[in-house]
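Novice: Once you've had a glance at the structure underneath, I'll fire off some questions.
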Ligand SMILES: Cc1cc2nc3c(=O)[nH]c(=O)nc-3n(C[C@H](O)[C@H](O)[C@H](O)COP(=O)(O)O)c2cc1C
């Protein structure tokens, strides 16, 4: 089942962000922002193939995140084949291939945005991922998956069960999508995007920067508009069920900018990344603004932000062992951003190690919760 096709357009989704959009962040974003689609942080297919414990924790998700897509990265088609099968087995709604990560540790190996320079391998990876999904649907998990990976898979299933996530769904063929950039060291959408279209991924998401730009400068919305035209042309003569949807991405930080960029690019939707830091409400604001031009986006009060921050803390503490709380501190700072009176509170919260400590610090600052 291709959920991309059934989503109401425009699609406003949560962009994957390694080190940020973990299960607790996605839970809070789903609950208070209700994005139309959510993607996990990228997950290494090598780690999956070798059964690395820390990797498998990235597969934790909550039922309210649906439709939820697991994003994979790597370079070895056989590992994508196996990774796709694990994603199916865990009840995700889609599997996405990362062809956009610019980090040296990833791209220098030829993975992530490195694949933009190797379209032959990129296409082989899409085919292997689709084959993994199809073979899992026909025959179940492949015998090539090693025992350690199967043990980790069972452990994740137990955790999903505790969370009440319904991973054990009726078998279905989930869509394979790609997220990429506009080029490697220069914009090259006219050659790169048609290569991807040859393999008919269900959806293509494009971040409007090259690998070389990393996250510098502004996203190139002219290039993203060109991508929209290339994909629209490709779809022109196709039956509905063969068309490919397109999500544009880069620097969307308000409802007004979202509307402007949707109109400009003619994309089927947008992915929002950094503007969601401490701000799950951005999705609701964009949705309301799409419904009515008159709508003025709502700014949340400090009290409202603290309530959500605490819920985020509790979920984070529950899902990660206590030693993982350091990861939560940056989120606390983001929730309190823009409140000049909260500078000292922010500094104190940067030392917190648990939700209890966060509550104590709030009390010390005479903040009720
Ligand atoms: C901290 C961080 C981690 C990211 N991790 C991923 C990732 O795992 N997979 C991916 O496809 N993109 C990743 N990205 C890129 C974002 O998904 C998005 O394409 C980019 O930030 C531009 O969108 P924005 O301007 O709305 O943030 C990451 C970006 C940031 C800032």
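Even glycines carry a Cβ here, placed using N, Cα and C.
Heads up, TrEMBL stuff is auto-annotated, nobody curated it.
According to TrEMBL:
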- 101: active site, proton donor (ACT_SITE)
- 71, 179, 207, 273, 274: FMN binding site (BINDING)
- 14-134: domain 'DUS-like FMN-binding' (DOMAIN)
- 174-363: domain 'DUS-like FMN-binding' (DOMAIN)
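In terms of burial and nearby residues, how do these features look in this structure?
Specialist: There are 23 other Cβ atoms within 10 Å of the Cβ belonging to residue 101 (active site, proton donor). DSSP assigns residue 101 (active site, proton donor) to coil in the three-state reduction, placing it in neither a helix nor a strand.
DSSP classifies residue 179 (FMN binding site) as strand under the three-state reduction.
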Novice: Taking the Cβ of residue 274 (FMN binding site) as centre, how many other Cβ atoms lie within 10 Å?
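Specialist: Around the Cβ of residue 274 (FMN binding site), 15 other Cβ atoms lie within 10 Å.
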Novice: Measuring CB to CB from residue 207 (FMN binding site), give everything in the same chain under 8 Å that is also at least six residues away in sequence.
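Specialist: 15, 100, 179, 180, 181, 182, 219, 249, 250, 271 - these are the non-local Cβ neighbours of residue 207 (FMN binding site), listed in sequence order.
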Novice: Taking just the CA atoms, what is the gap between residue 273 (FMN binding site) and residue 101 (active site, proton donor) in Å?
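Specialist: With distance taken Cα to Cα, residue 101 (active site, proton donor) is 14 Å from residue 273 (FMN binding site).
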Novice: Among 71, 179, 207, 273, 274, recorded FMN binders, what is the largest CA to CA distance in Å?
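Specialist: Site span for FMN, by Cα atoms: 18 Å.
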